[in-house]
Every structure is written in C-alpha cells, then in structure tokens.
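Report on the structure given below.
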Amino acid sequence: MKKHLELKITGMHCASCEKIIAMELGDLPGAENIKIDWAAGKGELDLDIEANQEAEVVEAIKRAGYQAEIINSSPLTKGVGEVNLNSTTPPLEKEQSNNGLPTIKPVSAGKPLKIKLETSVQAEGRVLTGQDGLPYFEGKITNDKKAEFDVPEDEHSSQTFIDQLVKSANLSNLFDKIMGTEKKSVLVAEPNQLTAKPTAAPEVKELSSSKRISLSLSGMHCASCANIIERSLKKIPGVKEGNVNFAAEKASVLFDETKTSVADLIAAVKAAGYKAQMVDSKDTGFEARKRQAEITGYFKKFTISMILSLPMLYFMLLDFFKWLPGANALPPYFGIISLILTTPVQFIIGWGFYKGMWSSLKMKTFNMDSLIAIGTSTAYLYSLIYFIIYLSQTSSFIGLMGEKIPELYFETAAFLITFVTLGKWLEVRAKGKTSDSIKKLMGLQPKTARVSRNGVVKDIPVDEVVKGDIIVVRPGEKIPVDGKIIKGDSAVDEAMLTGESIPAEKHAGDMVFGATINKNGSFEFEATRVGAETALAQIIRVVEEAQGSKAPIQAFADAISARFVPIVIAIAVMTFATWFFLLGANLAFALMAFTAVIVIACPCALGLATPTAIMVGTGKGAEYGILVKGGEPLEAACKIKAIIFDKTGTLTKGKPEVTDILTFAGRDEEEIIATAASRGRRNERPKIFFRQCQNDNRSC
C-alpha cells in the first residue's frame with residue numbers, strides 16, 4: 001500500500017539542503033515523487049508502506065542533519081484527488097447547472113468515468129480515492145463542518161450519488177465559507193479503464209495529532225530528580241517520548257494531542273513535586289529571567305542561612321580559644337541559642353530538600369534531597385531529643401555549673417544546609433553562563449522593523465511583524481525577519497548564515513534572512529517567515545535542543561545515579577551498625593559517622609558533568625558558527641579522523657586576497673596595484689587591493 005506524506009522540515013537554509021534531504025529520502029525503498037521546498041520548510045513524497053514505516057522517513061531526514069515531522073499521511077491508491085466510478089448506468093459528462101455548480105449528464109454507454117477534483121484549499125484537506133475506488137475526504141474540518149458523501153444502496157442511482165459528490169467534493173459549500181477562498185473548483189470527466197462499485201465511503205480522517213513541546217522545569221536538585229520527572233511524564237497516556245535534561249532544566253515531550261494535553265503534562269510534573277511551565281518561543285527573555293530569579297533566590301537563602309549559622313561557628317571557636325570574648329559567659333547558652341538559630345535553617349531554608357525527598361519516595365526511589373534531608377535531620381533530631389532529655393532531668397534550658405549542654409550537634413545540621421545551598425547558588429550561576437551563546441544569538445536580531453502598511457511607514461517591534469508585511473530596509477540596517485525582495489537591489493552580508501565575508505548580491509525575487517546586514521542600497525521585501533519560523537530562530541532552536549539533548553554516555557551515568565543513593569544509604573546504615581554494635585562506640589559518634597557518609601556522597605557531579613559539558617560545547621560551537629545537533633554527534637566527534645567539507649566547492653579564509661597580477665599595455669605591477677588600491681580605499685567593497693598594496697610596502 002502506498003501513502004502520500006506531507007512533511008514539515010526545519011533547519012534548511014538553502015537549495016543544497018533540498019538536495020541533501022532528497023538524496024537521503026531517495027535511498028529509501030519505495031520512495032517516489034520526492035519534493036522538498038527549503039523556503040517553505042516543507043516536503044512531500046509517495047511512500048510504499050510495505051517497504052518502509054513512516055518513522056523511517058523522519059529518521060532519514062534526521063540522519064541528514066535536519067528535523068522533520070509528518071503533518072499529513074494519506075492513502076495513495078489511484079491518485080490524489082481522483083474519483084473513479086463505474087456502474088450499469090451510462091457514464092456521465094459535465095455541464096454547467098443553473099446554480100453555477102458543475103453537474104453530470106450521461107454520455108456514451110459502456111465507458112468508465114474518471115473525475116478529477118481540484119480545490120484552492122488543499123493545505124486543509126484533500127479528496128482521495130479509497131481501496132474500494134470511492135472518494136472520501138481527509139483533513140481537518142473546522143467550525144463543526146463535516147465532509148460526508150451519502151452513497152445510495154442502489155448502484156443504479158449513481159446519478160444521484162454523483163450529483164451529491166459534485167456539491168460536496170468540489171468543496172464550494174464547505175471550504176469557501178470557512179477559509180474565505182475564491183471558488184476555484186474544477187470538475188473534469190474523461191474515460192478511464194479503472195472500475196469500481198459505489199459503496200460506503202470511509203470516515204473522515206484527521207491530520208497527524210502528534211505535538212512536541214518544551215517545558216521549563218524548576219525544583220530539580222540532581223539527576224535522580226530528572227529521572228523522577230521522566231517517569232512521571234511517560235506514565236501519561238498519549239506521551240510517546242519524554243526527555244528531561246537536568247543541566248538545562250527542560251523537558252522535551254512528544255505526545256498525542258487527542259489523548260492528553262499540555263495541562264496534563266504540567267499537572268504530572270507538579271504531582272511529582274516539581275514546577276513546570278510551557279516555554280513560549282516568542283518570549284526570548286524567559287530563560288534569562290528564570291535563571292536570574294533562581295540565582296537571586298539561592299543567594300538569599302544562602303545569605304540568611306549563613307547569618308544564622310555564623311554564631312554557632314563562634315561557639316565552636318570558643319571551645320578552642322578561651323581568650324575570645326564570651327568564652328566564660330556564653331557556654332551555658334550554647335544549646336538554647338543553637339536550637340533557636342538552627343530550626344529556621346532546617347525547616348525553612350531546607351524545606352525544599354524535604355519536598356524533594358517526599359517526591360522521590362512517592363516514586364519509590366531516593367535522590368540527593370533524600371541524602372541531605374536524612375543527614376541533617378539525623379543531626380538535628382538527635383540534638384533535639386538529647387536537649388529535651390536534659391531539660392526534663394534538670395528543669396533548665398541552660399547548662400548548669402557554667403558548662404555547655406553536652407552532646408548537641410545543631411551546628412552540624414545548620415552548616416550542612418548552608419554549604420549545600422552555597423553549592424546550589426554556584427551551580428545555577430554556572431548554568432547561566434552556559435546559556436550565554438543563546439543570548440548572543442538572540443542579540444543578533446534587531447528589536448524593531450520598519451513596516452509599510454496602507455502607505456504609512458512606521459517602526460514597530462519585530463514581534464508584531466506578520467506574514468505579508470512590507471518591510472523597508474536602509475543601508476547599514478539589520479534585516480528583521482525572513483522574506484522575499486519585491487523592490488530594490490542591494491548587497492547583504494550573510495556571514496551569520498554562510499560564513500562568507502563577501503556580501504551577496506540581492507535583487508527582486510531573492511530571499512533575505514533575519515539578522516543579516518544590508519550593506520549598500522535600500523530595498524523593500526515581503527515578510528514570509530516570522531517569529532519561530534525564521535532561519536535565526538531555527539538556529540537558536542537547534543542549539544537549545546542540542547544543549548538539552550543527552551549523549552549516549554549520559555544514559556550510563558543516569559543508570560548509576562538511579563542506584564547510587566540507595567547504595568549510599570545502605571553503606572551509611574552499615575557504618576552506623578559497625579561503630580555502634582561491633583566496635584562499641586557511643587551513640588553520638590556512631591550517628592555522626594552515619595551522617596558523614598550520607599552528606600558527602602551527593603551524586604550532583606555525576607548528574608551535572610555530562611549535561612554541562614554538552615551545553616558548553618554546543619554553545620561554544622554556535623559562537624564560532626558550528627552547529628552541533630546534540631550530545632550524540634558531540635560524543636562521536638572524538639572518533640573523527642577526517643573531515644569532508646561540502647561548501648559549494650570552496651573553502652575560504654573569510655576574506656579575499658590577491659593571487660595573481662597580470663600586467664597589460666606596458667603598465668607595471670606597482671602602478672596597477674596602486675591604481676586599484678586608490679580606487680578601492682574608500683569603496684564599500686572589500687579592500688583587497690589596498691591591503692595588498694600595504695602588505696607589499698608600496699605607496700598607495
């Protein structure tokens with residue numbers, strides 16, 4: 001069985017991209033009629049499903065270095081938009097009816113009939129022929145409209161069937177009202193040798209309902225948190241794929257819109273104990289604001305925690321330096337003061353660790369939060385219980401006889417939370433620096449566009465530009481969005497896209513791209529791709545997806561981290577048992593040994609190392625014009641032994657230079673170079689002759 005596939009392809013920047021994708025798809029068995037349009041970001045082909053699955057088409061395009069998704073898949077049996085009918089009644093030919101719609105009248109008997117239907121709204125749906133030879137509609141109908149064909153049971157009533165087919169299938173009463181299009185339907189009748197009997201038509205089919213979104217996450221503290229969120233997302237019916245990147249704090253989810261919604265995904269993340277929100281591709285400053293809020297939040301927590309913990313540090317110093325102020329008067333109050341100072345640190349500053357532990361326990365696992373919560377709670381609860389026992393025995397909140405209350409370790413819990421919070425603050429600051437490359441790419445796009453509407457030219461924010469707007473660009477200005485020149489000529493510096501330093505000549509009908517620089521000459525162009533559809537936006541998305549992707553080695557690290565925390569807890573319990581039961585140590589010492597094992601074995605580095613390396617590597621590559629598609633190709637790069645460049649047959653240094661000087665008419669080289677240099681010194685063209693003159697130490 002053959003199908004006709006329509007694809008949405010991202011990442012294409014020129015006609016060479018079309019050829020690369022077409023060649024890759026051409027290698028698939030049964031792939032025919034391949035058409036790729038890089039300007040529209042679309043493609044289509046006919047595919048033999050018996051030889052290939054639809055998913056292989058997407059994978060083939062990914063192998064070529066691009067992203068794709070199937071937006072429409074329809075059976076292809078006798079040709080798109082063709083209806084073949086044959087019955088015992090004579091075939092029919094078209095004539096014009098009084099109401100302006102085509103009708104059918106009988107023609108010579110014994111000849112089968114082929115009806116071809118054309119409509120101006122094929123992007124919304126199409127009339128196809130099923131395996132039984134009957135027409136049906138495939139596509140998305142809006143405004144509660146339905147595309148239905150009532151087929152009579154009596155095959156001799158095919159005249160009535162065709163009349164109804166004409167009124168429905170030419171879509172005059174359906175799409176022309178919904179889409180506001182001009183009536184453009186055409187009905188053609190001609191003989192054909194294929195035959196079929198009219199039976200019930202298949203039901204309406206919908207376009208592909210798969211959707212991929214990006215969720216911004218917060219509240220994760222380690223790789224185990226990422227695993228918890230992934231598991232929560234994948235449990236939702238309709239979720240086909242869910243990847244969570246701990247370093248980037250993002251989740252990429254592919255799901256079926258007919259089975260679940262974005263609200264369900266966000267609710268699942270919240271139920272797991274974390275926060276999530278939809279990433280708005282138009283809000284370019286969202287990530288920066290979120291990151292700054294995290295940095296500020298952790299810094300405030302660390303500052304408050306440190307202020308509360310510092311007095312306990314002074315208490316510890318008094319034990320060793322008796323000459324410090326308060327060495328004799330303060331010890332009896334160590335216990336009550338430490339309890340008052342530690343309690344808010346433990347349960348307010350450290351509340352996030354308890355939430356994280358509870359979330360992990362609901363998923364029947366442990367994470368870093370579990371280690372911090374267990375370790376600090378052990379020290380705090382042991383000290384609190386001992387303080388209560390001392391209080392009940394002495395009826396005093398302070399140490400008797402001028403001594404401090406022994407066996408209290410409140411400062412241990414307070415300082416553990418303080419230093420972990422410091423680590424989180426430094427971590428989010430480091431994460432923020434890895435996204436600098438994205439900020440630089442976003443900064444390439446101008447903030448405003450000069451738009452001509454109804455004869456009035458005015459500057460508007462670039463986010464308000466819509467498709468079809470006429471934009472005026474003057475010399476030296478950046479082009480705001482992608483489009484096609486309709487008036488004027490110029491040279492445009494496209495080094496941002498191509499790496500070539502020589503400006504490209506542009507004339508009416510040529511494409512221009514957002515963030516490139518207009519050199520000399522003014523022109524007007526029609527906006528064809530805006531917002532997330534522009535070439536720059538696609539580059540940014542590629543970098544973001546690459547930074548959020550996982551390298552194959554990360555799967556190994558995740559597998560270890562998933563088992564790491566339970567093993568650490570088991571070792572800590574064994575340590576306590578060994579010291580307390582086998583070696584006869586007192587309870588306080590055994591508990592401190594247990595706490596030490598718990599708190600030093602945090603799997604943060606295990607979960608952060610690889611994702612952070614990917615973020616930094618792909619970001620730095622983007623700064624130098626190298627787009628890495630993700631963690632997998634970055635990991636594979638270490639095995640590269642040779643690089644083959646396909647750059648329109650040339651590799652340049654980024655600037656032109658003089659290679660040969662040919663004299664003529666009795667002129668010598670020095671005179672020719674000096675003349676060329678003087679003409680090009682103040683020219684807007686590349687000053688290659690002037691540089692050559694200077695390099696040769698000639699007068700120019």
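Cβ from N, Cα, C; glycine included.
For 3-69 (among others), the entry in TrEMBL reads domain 'HMA'.
The domain 'HMA' feature in TrEMBL is assigned to 211-277 (among others). Per-residue confidence over the domain 'HMA' (211-277) averages 84 (mean pLDDT, predicted model).
Within the same chain, residues 327, 330-331, 334, 337-338, 341-342, 344-345, 349, 410-411, 414-415, 417-418, 421-422, 424-425, 428 sit at least 6 positions outside the transmembrane segment (298-321) and bring their C-beta atoms closer than 8 Å to a C-beta of that stretch. The transmembrane segment annotation in TrEMBL covers 298-321 (among others).
Look at TrEMBL and you will find 333-354 (among others) tagged as transmembrane segment.
Annotation source TrEMBL lists transmembrane segment at 366-388 (among others).
Outside the transmembrane segment (408-426) by six or more residues, the chain places 221, 295, 298-299, 301-302, 305-306, 308-309, 312-313, 315-316, 334-335, 338-339, 341-342, 345-346, 349-350, 353, 372, 375-377, 379-380, 382-383, 386-387, 588, 592, 595, 599, 602, 604 with a CB less than 8 A from a CB of the stretch. Annotated transmembrane segment per TrEMBL: 408-426 (among others), in sequence order.
Counting same-chain residues at least six beyond the ends of the transmembrane segment (564-582), those with a Cβ under 8 angstroms from any Cβ of the stretch are 224, 365-368, 370-371, 374, 589-591, 593-595, 597-598, 601, 603, 606. The transmembrane segment annotation in TrEMBL covers 564-582 (among others).
Sequence annotations record features per position, and here TrEMBL assigns transmembrane segment to 588-610 (among others).
According to DSSP, the domain 'HMA' (3-69) comprises 22 helix, 25 strand, 20 coil. Same-chain residues lying 6+ beyond the ends of the transmembrane segment (366-388) with a Cβ under 8 Å from its Cβ atoms: 221-222, 224-225, 228, 335, 338-339, 342, 346, 350, 352-357, 359-360, 405, 407-410, 412-413, 416-417, 420, 565-566, 568-569, 587-588, 591-592, 594-595, 598-599, 601-604. Sequence-distant contacts of the transmembrane segment (333-354) (same chain, at least 6 residues past either end, Cβ-Cβ under 8 Å): 219, 221, 301, 304-305, 308-309, 311-312, 315, 369, 372-373, 376-377, 380, 383-384, 387, 390, 397-399, 404-405, 408, 410-411, 413-414, 417-418, 420-421. Sorting the domain 'HMA' (211-277) by DSSP state (H, G, I as helix; E, B as strand; all else coil) yields 22 helix, 25 strand, 20 coil.
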